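The FAD binding site annotation in Swiss-Prot covers GLY13, GLY14, GLY15, HIS16, ALA17, GLY18, VAL125, SER180, GLN370 and is backed by sequence analysis. If you look up Swiss-Prot, you'll see 273-287 marked as NAD(+) binding site.
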Amino acid sequence: MIYPDRFDVIVIGGGHAGTEACLAAARMGCKTLLLSHNIETLGQMSCNPAIGGIGKSHLVKEIDALGGAMALATDKGGIQFRVLNARKGPAVRATRAQADRILYKAAIRHTLENQPNLWIFQQAVDDLIVEQDQVRGVVTQMGLKFMADQVVLTAGTFLGGLIHIGLENYSGGRAGDPPSIALSRRLRELPLRVDRLKTGTPPRIDARTVNFDLLEKQWGDEPRPVMSVRGNRAMQPPQICCYITHTNERTHEVIRNNLDRSPMYSGVIEGIGPRYCPSIEDKIHRFADKDSHQVFIEPEGLTTHELYPNGISTSLPFDVQLQIVRSMRGFENAHILRPGYAIEYDFFNPQDLQHSLETRVIGGLFFAGQINGTTGYEEAGAQGLLAGINAALRAQGKAAWCPTRDQAYMGVLVDDLITLGTKEPYRMFTSRAEYRLLLREDNADLRLTEKGRELGLIGDEQWQLFCEKREQIALEQQRLKSTWIQAGSAEAEQIEAKINVRLAREYSLMDLLKRPELNYADVASLKGEPLAGEAAAEQVEIEAKYAGYIDRQQDDINRLRAYENTLIPEDLDYAQVEGLSNEVKQKLSAARPQTLARAARISGITPAAISLVLVYLKKRGLLKRLKDDHPVPEQQAG
């Protein structure tokens, strides 16, 4: 039967991508349906119980700046918070939170169930309804049809999922969940490039069988960082300690002696695994000169004894896993609660997508998350949010939107995927962003919340908080610029004691704040009242100290903006562009970049090649530029 109600947007899958996608579309006013094979697993953390980290927390805070759920759920479920790279510059600082799986999932579930315009239904999807290269709806396992002209697919590792433990394997989406076989077959019928990737997870340990006296303790930071602009320390649950142990030569010997029983090294697994989160057998093989590897022992929650040993992901047979675990200090008598495993799954070449994450071949069909070749909750959530936004915009007959590389890490993520593609699971790092000094985690709201409000993503409460913070920053910057300290004054003596230099002339408080020896607290209270808000005060200090660098980076962006705004006709015949090598012609024809800037980022495309294309466009009268706030041009809704 056909379900009697029609929807604007249907989202398939209730993981980190799916939840952000359906929430975004619903916040924008679209009648949205979330379909999941099991609503008890909505927002489940399938792998490690943590959110954030280097590069990843930037994505979390950008999701939050656009009204998403991940950061606030982390504050409600986070049982240890730390700032990574705290001694380095603000561009690479990152917040990481250990999360209670149950509390995090409950926070996501509560958000979903209380979101207006959002309906939830428990059924796996087996088929898509496609008419004349346009998606029209989906068919569930029970034959029930739901109709919508926008469908967001966020199937994670479930498409053709195959779980490996040793040389044995069986079908599964993750441990305890069935795979999506029928949907995988259906998608393979579409003119999309598909391949296989793999990821893995470590065995889980019973804390009652671990000798913690032998482990190094790792406490969180105090004062605790807060992940969401809507969050606070009062909502964070009780905090716990994590621990550190190490592999040793005995561990490595066990692994080396059993590599022939590894599905990775025996050729059973075809998919490529994540480079930056390798299995323990991969570490031993690739870094043969190292006699030890760090293992972080992460509690799974406040009400469970289950431990997650971060650093020993493995698909070796269970008897080998037991030897590996018990070879480590403190784990001599450890009991494994769940075995580690690897999972192989389908992913689709992201170069077959537009920057809106809509497929190029099927109108209204959007992909987000691991099926686009990424790894990580944060990468999935960011894509889900953007896919949900663009599905809603399409339903409303509006042009698609995607932030550019100088606006957000989300823009870097999507642009890398669509322009360069990926052969291995893609993980975000700060090093991937050429404008990272502008794309700090501390200013995500200042970069994106105004756009989020324009799109209909931001509620009144978050908007008010944002406006107050922005006003506080502006007023305080003006106060610091207009407040002066005279040489020889009592205030000058306070400053001289800290910088060991005599002030020979008058300085504004802003000038003093730019000095590396002084922080905001040192100068703000010399005259007048300092800001009470930590986030606003931090912003004032960072913008003062890095003003010169920030201005230079902005100049670089302005110079490149001409390329960013120069459109390439969708049907341009690169074979007609004189001077281009055959290799360059093939790459440009395959990628179909929408702007010269995106063409320039394709591997192997030289500045000379870009100049030839630019000259060709000028000669043929094809030179066109984006006129407004450089949105990404996409196929109009239809």
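Cβ atoms here come from the backbone N, Cα and C positions, even for glycine.
Between the binding-site residues ALA17, VAL125, CYS277, ALA17 has the most other Cβ atoms inside 10 Å of its own Cβ, all protein chains included. GLY15 (FAD binding site) has none of the binding-site residues GLY273, CYS277, GLU281, PHE287 nearby, counting only those with a Cα within 10 angstroms of its own Cα. In terms of C-alpha distance, the listed binding-site residues GLY13, ALA17, VAL125, GLN370 place GLN370 closest to CYS277 (NAD(+) binding site). In the three-state DSSP assignment, the secondary structure recorded for HIS285 (NAD(+) binding site) is helix. Within 10 Å of GLY273 (NAD(+) binding site), counting CA to CA, the binding-site residues GLY13, ALA17, VAL125, GLN370 contribute nothing. A distance of 18 Å separates the Cα atom of SER279 (NAD(+) binding site) from that of GLN370 (FAD binding site). In this structure, the binding-site residues SER279, GLN370 were compared by how many other Cβ atoms lie within 10 Å of their Cβ, and the smallest count belongs to SER279. PHE287 (NAD(+) binding site): 12 other CB atoms within 10 A of its CB, across all protein chains. Of the residues the record lists as binding FAD, namely GLY13, GLY14, GLY15, HIS16, ALA17, GLY18, VAL125, SER180, GLN370, the two whose Cα atoms sit farthest apart are 18 Å from each other.
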